[in-house]
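> Below, the features straight out of Swiss-Prot:
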type	residues	note
REGION	17-37	region 'Disordered'
COMPBIAS	24-37	compositional bias 'Polar residues'
ZN_FING	41-93	zinc finger
DOMAIN	101-120	domain 'SAP 1'
REGION	162-183	region 'Disordered'
MOD_RES	Ser225	phosphoserine
MOD_RES	Ser228	phosphoserine
MOD_RES	Ser231	phosphoserine
MOD_RES	Ser239	phosphoserine
DOMAIN	249-263	domain 'SAP 2'
ZN_FING	315-350	zinc finger
Amino acid sequence: MWASCCNWFCLDGQPEETPPPQGARTQAYSNPGYSSFPSPTGSEPSCKACGVHFASTTRKQTCLDCKKNFCMTCSSQEGNGPRLCLLCLRFRATAFQREELMKMKVKDLRDYLSLHDISTEMCREKEELVFLVLGQQPVISEADRTRAPTLPQAFPEQQAFLTQPQSSTVPPTSPGLPSSPAQVTSVLAQDQETQQAIGHVSQDHEEPIFLESTARVPPEDETQSVDSEDSFVPGRRASLSDLTHLEDIEGLTVRQLKEILARNFVNYKGCCEKWELMERVTRLYKDQKGLQHLVSGNEDQNGGAVPSGLEENLCKICMDSPIDCVLLECGHMVTCTKCGKRMNECPICRQYVIRAVHVFRS
């Protein structure tokens, strides 16, 4: 286009528009993601268990526990209680006790947790699923809260106190209690006279009098059971020092067996059954006890001093435990398992320690 000033040689900076060719039709802008088909309708509400679509909202029932929708067949209501789905009803029947939850199938535990939108991807053991279920307990109803626990016959007074309705916070005054200062002084004088009389009787007959106390001393069986239960704390990892006898290995779970082997750098890959893990833990326990008896026996024979021949087999870090660990990649055997897992570099060649492996002595 020529400029309008002189209509000659002066060009403006605008590009020249090319006219469209003849016969070409102008096409409107079209979105490639647009579809001429109608948009799909939202998913119809259906039962979470059987997948049946609800024809009407009257057939849709909401579980009070997991807040999911179920049909009349997959939900139940006992008396005037809340309506629950069949799976939540089964879990409520266990009263969320750990022993009862361990008897349930793994599939039911995972289904219950998925209903409550709890991920189970990192759970490898059944105990982990039970732990998550225990942390997802529903709210206890008022009837369960006011229900008094059953106490043994040794506490009849406490049982009667729990069963009495608490109408007011202020207890009623009993007729046997003194209400005036004069009666209080008379009661104290009577108590002193009775104590003196009891003292004279005990001196005459030389028989000690034992007063009954409200605190009950637990028998020896109960104290032993408590000590045995405290030996394995749920929040703490299992260790080889927790075992006192070979019979204790049979009571360990698969997770505890793997923890013991991992802490002592024993490879358990390829073990598909529990008895294979138990064999490796048993061998580790016997090997550890044998080395400890060997060191302690030689020290006792030499009067507390370790002989020069045995000193070569002791850990060069702590000089207390025998050498039962090899450092990789250098391959030096200079430490015990306890010191080997703390080494960043080999104390001999200063090479970086990738990992430590437990070695069984033949």
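Cβ atoms are placed via backbone N, Cα and C, with glycine included.
Could you tell me the structural context for the features on the list?
Residues 48, 63, 66, 68, 85, 87-88, 90-91, 94, 126-127, 129-130, 132-134, 136 of the same chain, all 6+ positions outside the domain 'SAP 1' (101-120), place their C-beta atoms under 8 angstroms from a C-beta of that stretch.
Secondary structure at Ser239 (phosphoserine), as computed by DSSP, is coil.
Note: the domain 'SAP 2' (249-263) comprises 13 helix, 0 strand, 2 coil (DSSP; helix = H, G, I, strand = E, B).
Counting residues per DSSP class in helix, strand and coil order gives 4 helix, 7 strand, 25 coil for the zinc finger (315-350).
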> Applying a 10 Å Cβ distance cut-off over all chains shown, what neighbour count does Ser239 (phosphoserine) have?
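Result for Ser239 (phosphoserine): 13 other Cβ atoms within 10 Å.
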